[in-house]
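**Student:** The L-tyrosine binding site annotation in Swiss-Prot covers 34, 168, 172. The motif ''HIGH' region' annotation in Swiss-Prot covers 39-48. If you look up Swiss-Prot, you'll see 230-234 marked as motif ''KMSKS' region'. Per Swiss-Prot, ATP binding site is recorded for 233, and the stated evidence type is sequence analysis. Per Swiss-Prot, domain 'S4 RNA-binding' is recorded for 352-418, and the stated evidence type is sequence analysis.
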């Protein structure tokens, strides 16, 4: 299957320039193509992952991906999709973010073989461009009326936009032109909000490299959820690729909780499963939704891809323990990962009455509420229901003498460590 046909089947194309030309080009040649990300933070979230999944599909089809980390453009900030001016970050912070993103992106692509990926930083070719060179060599090629008509800029005209952000599309166009000239890069991929920036790059390439220069642009649809909420967010915030921000267990749980109405779409977008495999899972969503086979497959595939097989196994073990309530089977290390973001308390290394202990730690707001919850069977210690108001908490209630896991009700967990 032609890579363009595959992307269309997966619902991953929103707009493209010269569709037939691109289709023919990728059939006849191995091409280089790129996608960029600005280091506005020290970690990607799963929303950032979407265009890079497309880039990886091109690599699987035998093409050469170029991953651009925007050390230069990141100093300015892309106005796309922003209602107000971005706050500028220090160069030191941007440099740290660049390195963090390089590590994350390095896990997603293959950097060896005939279709080896490469990683570049646009700061390398932008840092020595003087303001006069910028205005003469590049600014001269851009018509202000055309720039104002771009959706990126037009949406900001009422509230105002600085020249810094207004000029962002010129810098991104410079990137595409540079990669075309020095890396034979023929295609830029981006989100649907990047169309204006991508077409600006194509215009610059034609002006700098000649009218016959062959270059293409492709954008990806905005991924939406069936319930109308923003993709990539959970109740706790963004789902990060950095395991210190979102543990592999939390990452796995995000995917396994996917709505039946969204799961087939996500399987197409995010996994490398074949059409036949996804069709089979789609049937199971219709006939046996309670088994959640599609969600389990999606969660497993994504956790392996972003983290590792070992991380998946650990996430499965934690999930099983929490589902069964047998949290005693978890090691202290697994508890630290699985309960990383639950409310955590530090208790004295001494015995105490359960009711007093819950109130002293702050798990319960009052003795009255604590007695009510214990008496009603709403309190679980290490997975075991405790209804004895006279129970004494001691060393036997600790896992590996480090942690006690408290559950209130069905889902509210607390982690207690000891001084």
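Glycine is treated like the rest: Cβ placed from N, Cα and C.
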**Student:** Just how spread out is the L-tyrosine site if you go by the largest Cα to Cα distance in Å among 34, 168, 172?
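**Tutor:** Max Cα-Cα spread across the L-tyrosine binders: 18 Å.
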**Student:** Would you mind splitting the motif ''HIGH' region' (39-48) into helix, strand and coil residue counts from DSSP?
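**Tutor:** For that range the per-state counts are 3 helix, 1 strand, 6 coil.
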**Student:** Quick one: give me the count of other CB atoms within 10 A of the CB of residue 34 (L-tyrosine binding site).
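**Tutor:** Within a 10 Å radius of the Cβ of residue 34 (L-tyrosine binding site) lie 23 other Cβ atoms.
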**Student:** Would you count the other C-beta atoms found within 10 angstroms of the C-beta of residue 168 (L-tyrosine binding site) for me?
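**Tutor:** A count of 23.
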**Student:** Sort residue 168 (L-tyrosine binding site) into helix, strand or coil using the DSSP assignment.
**Tutor:** helix
